[in-house]
């Protein structure tokens with residue numbers, strides 16, 4: 001196992017780190033607010049989400065200014081694609097911000113507005129996300145953010161109908177779209193676990209690749225299993241079958257979000273137009289902090305250190321044994337000088 005700061009910085013995705021960290025802070029504050037552990041207005045509870053959108057707005061504005069002042073060349077098609085992706089992401093997050101502001105108004109002031117109307121920006125975001133997923137897929141780009149909204153459009157409709165009292169279903173039934181999605185994800189996790197068990201005994205692959213499959217399967221399990229537990233606890237809590245506070249009910253969700261925060265250091269990528277960087281975040285970090293050029297190359301390999309220590313022990317044993325062993329000399333026949341003539 002190798003611990004390397006260089007690999008940590010190279011694989012860091014700052015946008016994912018900000019999103020996961022803000023979601024963790026929001027869910028924790030929201031659970032504390034519902035349990036009456038804190039007496040803060042909902043504007044404070046939603047502050048992490050608003051801070052996320054504010055950072056995104058500033059990054060997009062600076063990126064647009066950089067694009068206007070120094071437009072990419074005709075051969076730099078990758079940068080042009082990155083810029084378009086940034087604009088699409090900005091539009092999606094503005095729809096999401098509209099939904100969050102309306103929810104905050106509804107909870108804080110108890111506005112006489114149906115939840116189905118409040119969910120309209122979120123439903124529009126889900127419909128647009130389907131088209132953006134197709135666009136990104138054709139250009140071989142990642143679309144985790146868009147995929148989440150695209151596959152949960154039915155779930156958002158069920159939530160709005162349940163909150164308005166238009167359907168008299170239990171929350172376990174309301175979460176049926178989530179259950180279907182989770183079952184599909186569990187099948188994928190099971191497949192990854194079986195594949196990791198088979199490949200770990202294979203001699204055709206290098207040990208690094210085999211360990212990579214094992215780590216991937218373990219990471220997926222730590223993400224999916226706590227989410228399933230959270231949905232079960234939340235359904236029982238909303239149906240009145242559980243007396244646990246929302247903070248303890250949301251504990252598995254916190255575990256999943258913390259795992260996502262750690263995975264953001266190995267995701268890589270990230271849009272190069274945020275805040276006008278126009279390059280990889282790792283390169284910008286090295287230019288901003290020159291000391292990282294010296295300390296960023298430090299790595300610690302446990303296996304190499306163990307092998308080196310074993311080699312030193314073998315050498316010490318050989319040295320000790322050589323002290324007490326006699327030096328081997330060639331054997332010559334004994335010739336007597338006193339021989340008769």
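The backbone N, Cα and C atoms fix where each Cβ goes, glycine too.
Remember, TrEMBL labels are computer predictions, not curated facts.
TrEMBL lists 17-34 (among others) with the feature transmembrane segment.
Marked as transmembrane segment by TrEMBL: 40-65 (among others).
Same-chain residues lying 6 or more positions outside the transmembrane segment (86-108) and placing a CB less than 8 Å from one of its CB atoms are 41-43, 46, 49-50, 53, 56-57, 60, 63, 115, 118-119, 121-122, 124-125, 128-129, 132, 135, 145-146, 149, 271, 273-274. According to TrEMBL, the transmembrane segment annotation covers 86-108 (among others).
For the transmembrane segment (114-137), the residues of the chain that approach it from at least six positions outside its boundaries are 85, 88, 91-92, 95-96, 98-99, 102-103, 106, 143, 145-150, 152-153, 156-157, 159-161, 163-164, 166, judged by C-beta separation under 8 angstroms. If you look up TrEMBL, you'll see 114-137 (among others) marked as transmembrane segment.
Positions annotated as transmembrane segment by TrEMBL: 144-163 (among others).
The annotation transmembrane segment is assigned in TrEMBL to 169-200 (among others). With a threshold of 8 Å between CB atoms, the same-chain residues lying at least 6 positions outside the transmembrane segment (169-200) that come near it are 151-152, 154-155, 158-159, 162, 209-210, 213-214, 216-217, 220-221, 224, 227-228, 231, 234-235, 238-239.
What TrEMBL records for 212-233 (among others) is transmembrane segment. For the transmembrane segment (212-233), the list of distant contacts is 175, 178-179, 182, 185-186, 188-189, 192-193, 195-196, 199-200, 242, 244, 249-253, 255-256, 259-260, 263: same-chain residues at least six beyond its ends, Cβ to Cβ under 8 Å.
Annotation source TrEMBL lists transmembrane segment at 253-275 (among others).
With a threshold of 8 Å between CB atoms, the same-chain residues lying at least 6 positions outside the transmembrane segment (253-275) that come near it are 8, 10-17, 20-21, 23-24, 27-28, 58-60, 62-63, 66-67, 79, 82-83, 85-86, 89, 142, 219, 222-223, 226-227, 230, 281. Only residues 6 or more beyond the boundaries of the transmembrane segment (40-65), in the same chain, are considered here, and those with a CB under 8 A from a CB of the stretch are 18-19, 22-23, 25-26, 29-30, 33, 83, 86-87, 89-90, 93-94, 96-97, 100, 103-104, 107-108, 271, 273-276.
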